[in-house]
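**Q** Let me begin by handing over the structure; questions about it come next.
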Ligand code: AMP
Ligand code: MG
């Protein structure tokens with residue numbers, strides 16, 4: 001039976017943890033709620049129907065029946081520095097429920113007002129950042145990348161001050177759990193090993209049940225987290241996604257993309273691309289993401305010291321590099337359309353990346369065009385992407401030789417076209433949707449989202465979204481929390 005936001009079939013889990021983990025906190029109502037975006041497809045999967053009063057619930061002015069909203073406490077390493085306490089400063093867990101999809105979900109309202117963990121923040125999110133989170137979560141999901149989901153955006157004319165006056169919005173987001181590495185870190189640094197254990201037991205029971213019977217379930221859990229993190233980052237690298245703020249409080253214990261802030265997709269390839277304007281040293285640059293994943297896992301592992309022998313922790317972490325290489329080579333194998341990956345292929349891709357780096361070849365368009373080249377063999381079209389055409393044509397020759405295997409050109413091209421997306425959420429596309437929304441027209445959000453629901457399909461009506469970005473795109477800059 002379908003249900004409305006008022007009637008969510010609640011099924012508490014996180015809120016059953018000890019009260020050290022959270023503080024009951026009500027949303028702070030805002031005037032004149034309106035919906036900005038509704039994800040009807042996701043709602044339908046869940047069995048959820050948006051009623052006429054949906055905006056009231058999505059803004060936090062009304063609550064699902066029996067809901068006891070709470071803010072959870074966590075800490076984390078921000079730009080390498082341990083911050084003893086962070087926590088949900090503007091996100092509230094308003095419901096834990098079972099959907100008709102058979103899954104159990106945590107539902108958060110992000111931007112619903114101050115919490116005991118807001119520190120100096122106002123507990124709010126602006127329309128701009130809410131649109132960014134909404135579109136990116138859904139874009140990544142449809143690219144097949146693990147992520148939290150976005151169900152809706154609601155807005156209010158209430159003023160929120162950032163660099164200028166903006167207006168408030170709330171994203172309703174969903175995940176099997178929003179538990180972060182930082183939740184473990186908080187209790188470790190507080191000297192509460194019993195809470196570290198309680199949380200690990202909870203995560204295993206609900207999210208890694210396969211670890212329960214291992215000789216050390218906590219070690220088995222860590223191994224799972226390591227494996228999922230490598231898979232996640234390999235996906236990011238393959239699609240050219242830069243997270244922007246890979247602090248440990250933004251790292252999901254389930255290996256999901258979490259907390260969309262100053263993220264960005266690569267346009268022209270630049271290995272050292274920094275999408276976050278505030279990240280002056282490029283700690284979270286595109287090519288740093290894999291090793292930052294490991295750094296962050298070290299922080300998580302340290303917090304598990306009460307549960308796992310140090311040597312076993314280090315042994316688990318020592319597998320990261322190899323796991324990442326396996327995961328990334330799997331992505332590259334598919335992007336290149338090979339049946340199998342061989343060691344020499346690393347040289348082939350490294351040489352390609354060097355050529356792309358020199359010309360800042362558009363990441364997405366290059367791979368898509370290569371997927372067509374396999375059938376059409378239009379060397380000229382591809383080599384146009386490179387300043388040094390001769391060098392590229394030599395590379396193409398090597399690639400051609402490498403594609404002599406059992407796979408037919410038709411099959412190869414078809415598979416590559418389901419791996420190399422035509423449509424990604426380019427920064428400038430989000431910017432256009434934001435500008436229109438700020439002027440009161442939300443239709444571009446919907447149009448863009450519809451397109452990105454099928455990123456691998458040809459969509460003639462959306463051809464414009466697949467073009468090279470305009471010149472002004474390179475001047476866009478995004479920085480931390482908004
Ligand atoms: P972020 O880097 O956006 O993931 O946020 C880091 C920390 O700052 C988290 O604890 C957030 O809850 C908190 N935070 C970010 N923006 C705000 C805000 N406007 N009001 C209160 N807390 C915030
Ligand atoms: Mg965060």
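Here, residue 1 is simply the first one shown, and the rest follow in order.
In case you wondered, yes, glycine gets a Cβ from its N, Cα and C as well.
The annotation ATP binding site is assigned in TrEMBL to 87, 89, 90, 110, 122, 123, 173, 180, 259. If you look up TrEMBL, you'll see 249 marked as active site, proton acceptor. Sequence annotations record features per position, and here TrEMBL assigns Mg(2+) binding site to 250, 259.
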**Q** For the ATP binding residues given in the record (87, 89, 90, 110, 122, 123, 173, 180, 259), what is the largest pairwise C-alpha separation in angstrom?
**A** 22
**Q** Using Cα coordinates, what distance in whole Å links residue 122 (ATP binding site) and residue 249 (active site, proton acceptor)?
**A** 19
**Q** List every residue in the same chain as residue 87 (ATP binding site), at least 6 positions away in sequence, whose Cβ is under 8 Å from its Cβ.
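**A** 71, 72, 73, 74, 75, 115, 116, 117, 186 - these are the non-local Cβ neighbours of residue 87 (ATP binding site), listed in sequence order.
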**Q** Cα-Cα, whole number of Å: residue 249 (active site, proton acceptor) versus residue 259 (ATP binding site)?
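**A** So the Cα of residue 259 (ATP binding site) lies 9 Å away from that of residue 249 (active site, proton acceptor).
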**Q** Please go through the binding-site residues 90, 122, 173, 250 one by one and keep those whose C-beta falls under 6 A from any atom of ligand 1; give the result in sequence order.
**A** 90, 122, 250
**Q** List the residues of the same chain that sit at least 6 positions away from residue 259 (ATP binding site) in sequence and have their Cβ under 8 Å from its Cβ, in sequence order, or write 'none'.
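**A** The list for residue 259 (ATP binding site) reads 245, 249, 250, given in order along the sequence.
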**Q** According to DSSP, collapsed to three classes, what secondary structure does residue 122 (ATP binding site) have?
**A** coil
**Q** Near ligand 2, meaning Cβ under 6 Å from any of its atoms: which of the recorded positions 90, 173, 249, 250 fit that description?
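**A** Checked recorded positions vs ligand 2; flagged 249, 250.
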**Q** Which ones in the same chain are close to residue 90 (ATP binding site), with CB under 8 Å and 6+ residues apart in sequence?
**A** 110, 111, 112, 113, 114, 115, 118, 121, 122, 123, 124, 125
**Q** Write out the long-range same-chain contacts of residue 173 (ATP binding site), meaning residues 6 or more apart in sequence whose Cβ is under 8 Å from its Cβ.
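**A** In sequence order, the residues whose Cβ lies under 8 Å from that of residue 173 (ATP binding site) (at least 6 apart) are 91, 107, 108, 110, 133, 137, 148, 149, 150, 151.
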**Q** Output the one of 122, 249 that, of all these recorded positions, has the highest number of other Cβ atoms within 10 Å of its Cβ.
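**A** Of the recorded positions 122, 249, the highest Cβ count within 10 Å belongs to 249.
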